[in-house]
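As annotated by TrEMBL, active site, nucleophile applies to A:Ser152. For A:Asp315, A:His348, the entry in TrEMBL reads active site. Per TrEMBL, substrate binding site is recorded for A:Arg221, A:Asp349. TrEMBL lists A:374-433, A:435-489 with the feature domain 'CBS'.
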There are 2 protein chains.
Amino acid sequence: MSAGSVGIVKTHYHHLSGGLPLESGQKLDEVTIAYETYGKLNKDKSNAILILHALSGDAHAAGRHEGDKRPGWWDIVIGPGKAFDTDKYFVICSNIIGGCKGSTGPSSINPSTGKPYGLNFPVITIGDMVNAQKKLIDFLGIEQLYAVAGGSMGGMQALQWCVAYPDSVRRGIIIATAAYSRPQHIAFNEVGRRAIMSDPNWNRGDYYGGEPPTKGLALARMVGHITYLSDESMQQKFGRRLKDKERYGYDFSTDFQVESYLQHQGGAFVKRFDANSYLYITKAIDYFDLKKNGSLDEAFRAVKARFLVISVTSDWLYPPYQSKEIVMALSSNGVDVSYAEINSIYGHDAFLLEGGQLNYLISNFLTPKLVKDVMASAVTIDENSSIEAAARAMLDSGVSHLPVVSNGGTISGIVTAWDISKAVALKYTCLDEIMTRNVVTIRKCDTLEAAAAKMELHDISALPVVDDAGHVIGILTSDGISKLIGQHK
Amino acid sequence: MSAGSVGIVKTHYHHLSGGLPLESGQKLDEVTIAYETYGKLNKDKSNAILILHALSGDAHAAGRHEGDKRPGWWDIVIGPGKAFDTDKYFVICSNIIGGCKGSTGPSSINPSTGKPYGLNFPVITIGDMVNAQKKLIDFLGIEQLYAVAGGSMGGMQALQWCVAYPDSVRRGIIIATAAYSRPQHIAFNEVGRRAIMSDPNWNRGDYYGGEPPTKGLALARMVGHITYLSDESMQQKFGRRLKDKERYGYDFSTDFQVESYLQHQGGAFVKRFDANSYLYITKAIDYFDLKKNGSLDEAFRAVKARFLVISVTSDWLYPPYQSKEIVMALSSNGVDVSYAEINSIYGHDAFLLEGGQLNYLISNFLTPKLVKDVMASAVTIDENSSIEAAARAMLDSGVSHLPVVSNGGTISGIVTAWDISKAVALKYTCLDEIMTRNVVTIRKCDTLEAAAAKMELHDISALPVVDDAGHVIGILTSDGISKLIGQHK
């Protein structure tokens, strides 16, 4: 599979006619949505996938803007040959309302005053963000999305889509998130907001045209950033290494590299993000609670999509048990849901970094891989051959599993390098004495998942692929399957 | 065991003659140490235990100050009949230098200027704190401490004591801490410091007599507080409950109880703590690194104390694996070390809250419990008795294990309620047919630990206690052992 880039892309802007009623009861009269698309919408408009971004994300999910060095924020999984394969799918990503990356937010001009909204911007919710996206999807003429997908706050939006618009979504990909914000989430968000609001430059949100509250916003980002990493990844990345010094400074300048890194992250963030947007978006996250009458089961009653729920082993902000809670509630409604944990030390940030595992899991969910996509041509040996001939065949072809055939191709057994070595030890000479006769086989149109399960069940590492007549047409090895993950890295 | 209070206590102050040389190379000329003591120092001065406090602690560890409603910060484990039993031990707790609770720190008067030090106070280390404590212990005439004990930063000081003064400490009790600060610890501390230093009122540390940086310090405390709790304990304590409202406010006032709680914690903290002390103490924590030439094994080479290392299952700030690293390094030096995990949802704060488990673990380490302390008098039955008689004896005495004796008291077996029920099922009539003959026994001066291990090994819940002649003198049951933990709660 060749994995490429979608190339140079542009952000589009769509003005929602009729404005947007909000969950608070207020209404936003003028709403612009910034969005990008990659790939082509097919004739029956059935191949659209909506990507949802996290707190500080934007519409630029893949490819490059003219002149940019760095690609969009989820370029690792979007593009030709990648999980969100732009040769097959029409991929859409829009900036959330309340943000500061082109969609209407607190830094936008309030049409009724001609000045930036500031705190006059109404408080919005994850539901409001999704309702705005629905209007964009309607505008694009798409009745049903092939999938919605997102990590962190993007995962919340994806869940909200499946709940609010059950007929408009076929698949939900929900990564590193929760179905409701817990007090620890709220607590970290509140600290970030306090940091911004304690900065005198914040001036009750009215700082546009003046000095923005950069110290407060940087502090908020520093706290947030710690929660996105794991203790282990920080230990590997920074340890206790000092920054540009040989010994402790014994003062309050920067001593450690990790301090310098956080300060840099904070400083870079204030250049690209609006402090008021940070307040509004964290508030939307706090308010997010899919539970209905206190029950997540009840929240998912009307859901029609199939789900892939993914968590990260080292994510302590949205730990695996919070994903499992989603899986349990979906399952209890009879919803078709797969669950996977990304094995990673990168903590919450893994959903932006672990390209190999993400591509494998997501592409398999969107477009299940079949045995024929991965099987290799099989070297076989006739059952009347000698053990020496079998050993030579293995050596020549560099394989350790040989299907044994009779009558010109029908499978009658399998012999492995281990069998050969057993024959040497026991002075056997006939293939017949060492080959396994009850050989487990697979068909070319079975899914890889089924094949992998068969291998695990029988504790074997290769499966001959046979046709209806029992003829060997290929071989599937665990090496072949694991290479699939490798290809996506 | 009756557990009481040490009653009304007072803080004492000791002035270190000759000042204190610091690890930075600087020197503090005038140093006062605030301390409290509970219990009596014995004649040979061998029963002194030094308690070390955490970041925001003080010398007031137990009892009450005149007029106070709340006791000292570790009253749950210090007092007559508690783990740090003031009927047996002379317990000392001193406020760290750099603090603001009576010992010399940045808010103290700088003798060379007549004004508070502020940032002119030298940066201090955990080693400096311990060196100051050593001078206090010398002043009290104590050559060797029976034990040092502390949690969190108190645990760091306890470790430092055992390493820096190996001949002066017999036992180290190290709770919920690490042998070196990791980048995640440093990152959280740095955020706290940035919050304080970003507050305009901080004024480069020169705020005494003016408005202190309360917003910054409150913010630092809020971040810290989140790290002391677990996600699960916050979920149980706050859930998503709103604060004095029925529905979301859709504004930036306080919505959730957890926000209100954190704000309260921040607000209360600034009334009792000095912002500059927060800077100095977190810096001392960051600098803490016991490793020698990169090796913790090497750091513990000269250690002579015995150790009890305790971690908390839900502590994500100082997780169990960081305690286990200490245990491994001590073990590899042949040091006698016990390790235990407190089973708790309270996170890091559990070392201040889990009185039952702490008292059990610590008192057993300081003063190992023996079988005779817990054994009950045994009801026995003669081996010539009928099954019916055995059943009646069980019923009358409310026990489910009866040692079977012969020749007027010598143990010959044991019979349980389960055996009796078996006899009924199989229509046996003789005790002989159902009693267990290879009975596992224990002696009264064996430790409870050994007894518990024996029970686990043989999967039994009662052990007859026998004397040298094999006479049954009591019985030890798992109920009796578990009640010990209950008593401490």
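Just so it is clear, glycine is given a Cβ too, placed from its N, Cα and C backbone atoms.
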Cβ atoms other than its own within 10 Å of the Cβ of A:His348 (active site), all chains, total 25
Please name the residue among the recorded positions A:Asp315, A:Asp349 whose C-beta has the most neighbouring C-beta atoms within 10 angstroms. A:Asp315
Pairwise CA distance, A:Asp315 (active site) versus A:Ser152 (active site, nucleophile), rounded so that it is a whole Å: 11
Along the domain 'CBS' (A:374-433), what average pLDDT does this model show? 85
Name, in the order they occur in the sequence, the residues of the same chain whose CB lies under 8 A from the CB of the residue listed as 'active site, nucleophile' and which sit 6 or more residues away. A:Ala54, A:Leu55, A:Ile175, A:Ala176, A:Thr177, A:Tyr318, A:His348, A:Phe351
